[in-house]
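> Below: one structure in structure tokens.
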Amino acid sequence: MKQPKKTYVLGIETSCDETAVAVTMDGNELLSNCISSQMEIHQRFGGVVPEVASRRHVERITIMIQDALEQAGIALQDISAIAVTQGPGLVGALLIGITAAKALSLTTGIPLVPVHHIAGHIYANHLVRPLQFPLVSLVVSGGHTELIYMEAHNHFECLGKTRDDAAGEAYDKVARLMGLPYPGGPPIDRLAHVGMETYNLPRAWLELDSLDFSFSGLKSAVMNVIHNANQRGEEIQEANLATSFQQSVIDVLIEKAMRAVKKTGVKRLLLAGGVSANRGLRSQLQARCDQDGIYLQIPPIELCTDNAAMIAAVGTYQWWAGNEAALTLNAEPNLKMSAVHR
Amino acid sequence: MRTLAIDTSTMVMGVAILEQDRVLGEMVTNLKKNHSVRLMPAVSQLLSELDLSVSNIDQIAVTNGPGSYTGIRIGVTTAKTLSWAARLPLYSASSLTVLAHNAAHFPGLIVPLFDARRSRVYAGVYRRLIDQLEPVIRPQVIHIEQLIKKVVSLNEPVLFLGEDVEIHRLNIEASFSSRLYFGQGGENIPHPSHLGLIAWRKHLDNEPPETDDFAPDYLQLTEAEAKWLQKNRRD
């Protein structure tokens, strides 16, 4: 491990619809965290349109790099490494961050470090409180639903993941079916707060010992409920349907996370990803962890959604471990964790 | 005054370095291979062959489209980040204008085009004016029949340029009775040295360089945006 006195890492993240650039010091201190969100641009389409996202990233990228360095009060030459999300994500969107990172690296000679997006979400926690190992992390977002086991820095083991839709994706699709705005998480969470669980919706447990997830059946079940009600001329009780759907998602997430904790024998569970902002999930998971004597860590909302500080944090540990990329670095939309982080 | 010129708007990947208007080096490939993997090593290799580094470059030039959306973005993102990091002025030109420069001495209309699918092309029409080219019809996405009609009506000798001309060749040949020419070999692919020359002239003319929010000119909206507009105009 080469570990100079202070390590400043510039992080770049463009895997979906946020153009984000940040600077961290020593992988745990956040010096700047700049995010240019495209949420309003995509709202009218009811979801992220990849080509629209890529176009916007190109416009914003150097402006965000400049903002992040200025806010951190650091010059580009004083950066130790440039960390960039290599995948998974939208290929056209990822390419903008990677291309910019490579151009910075070519101009300055600063090394380039590839980072896995999910590893980033886990390390968002490290910026608040140092990670303590071993741990299990439940990463839930619009694009991902995964259970990751870590026994040390730079060590990631995928215990389970979704076989179809991500949890956040299920929220977006169900919101669309119910005529609620995009993204679907916040409006459903709000309704679920006031409704009752009156609709009987399935929970996909899969095989007995599986830690994988599946949410497409749940989405179809909601579609059937709405369809049947329409056929019979009945009105949907919106808040109750939202509650029933959300409870079905939460039950599976919590149960699988606790099974992963039990299986690995860890005492620490980390929640990460955009869906961590869900109030229902936060409070019920906290209650279950209290009951089972598990320490639960959830990052503040602004670090739950996509950001570049988390990429810089992982990048710091990766760089200390000697993981550098060449100028041939390419976007990998289906990147496996084991491919970048050894 | 050295210019680094980058063009990845189409299948052709081109990198050139010029000193004033003199070409020091030019690398061009015409392959269906990943620009994102090959561009940065190509820039790095050309610089090192010339014993130069980015710090010896004084300005950057890039094509801002039209062509492959992803390809354009790789060139533009590379160029604008290099320009930002090294604090160098950035100039851009249309990939069609660059292609037209292959025949800058042609006495008549120069029509560079790239196929845009569904019988449409990205095309512009240029004419020689003293030692430069002036656009007669600005770069746009246009139905091939419509383009041919416009060009026929100008009643001048015509030169079509671009490898995609082949797709529409029969159509074109059927519409002109005489004074019709087609580009050959290297004339049909854009050369980054011409892009560098265009940027050098812009510098001489004191044209303002691109700003930080510089983005490609795709010449068309995304499909999602076009559909959304159509739907909301109807409602």
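Residue numbering: from 1, along the chain as shown.
The backbone N, Cα and C atoms fix where each Cβ goes, glycine too.
Predicted automatically and left uncurated, TrEMBL annotations should be read as such.
Pulled these features from TrEMBL for this protein:
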BINDING   A:H117, A:H121, A:D306  Fe cation binding site
BINDING   A:V139, A:V140, A:S141, A:G142, A:G143, A:D172, A:G185, A:D189, A:N278  substrate binding site
DOMAIN    A:29-312  domain 'Gcp-like'
> Quick one: pull the CA-CA distance for A:H117 (Fe cation binding site) versus A:G185 (substrate binding site), whole Å only.
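Distance between the two Cα atoms comes out at 20 Å.
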> Determine which residues of the same chain, besides A:H117, A:H121, A:D306, have their CB within 8 A of the center of the CB atoms at the recorded Fe cation site, and list them by sequence.
A:E13, A:S15, A:T85, A:I118, A:G120, A:V139, A:S141, A:H144, A:G273, A:N307, A:M310, A:I311
> What subset of the binding-site residues A:V139, A:G143, A:G185, A:N278 lies within 10 angstroms of A:H121 (Fe cation binding site) at the C-alpha level?
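Within 10 Å Cα-Cα: A:V139.
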> Using a 10 Å radius around each Cβ and all protein chains in view, which of these binding-site residues has the most neighbours: A:H117, A:H121?
A:H121
> If you average per-residue pLDDT over the domain 'Gcp-like' (A:29-312), what number do you get?
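Taking every residue of the domain 'Gcp-like' (A:29-312) together, the mean pLDDT is 96.
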> Looking only at Cβ atoms, how many others are within 10 Å of the one on A:V139 (substrate binding site)?
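The Cβ of A:V139 (substrate binding site) has 28 Cβ neighbours within 10 Å.
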> Distance between A:G143 (substrate binding site) and A:D306 (Fe cation binding site) at the Cα atoms, whole Å?
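Here the two Cα atoms lie 11 Å apart.
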> Applying a 10 Å Cβ distance cut-off over all chains shown, what neighbour count does A:G143 (substrate binding site) have?
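The answer is 22 other Cβ atoms.
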> What number of additional C-beta atoms lies within 10 angstroms of the C-beta atom of A:D306 (Fe cation binding site)?
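Total other Cβ atoms inside 10 Å, all chains included: 28.
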> Among A:V139, A:V140, A:S141, A:G142, A:G143, A:D172, A:G185, A:D189, A:N278, recorded substrate binders, what is the largest CA to CA distance in Å?
18
> Rounded to the nearest Å, what's the C-alpha distance separating A:V139 (substrate binding site) and A:D306 (Fe cation binding site)? Just drop the number here, would you?
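So the alpha carbons of A:V139 (substrate binding site) and A:D306 (Fe cation binding site) sit roughly 12 Å from each other.
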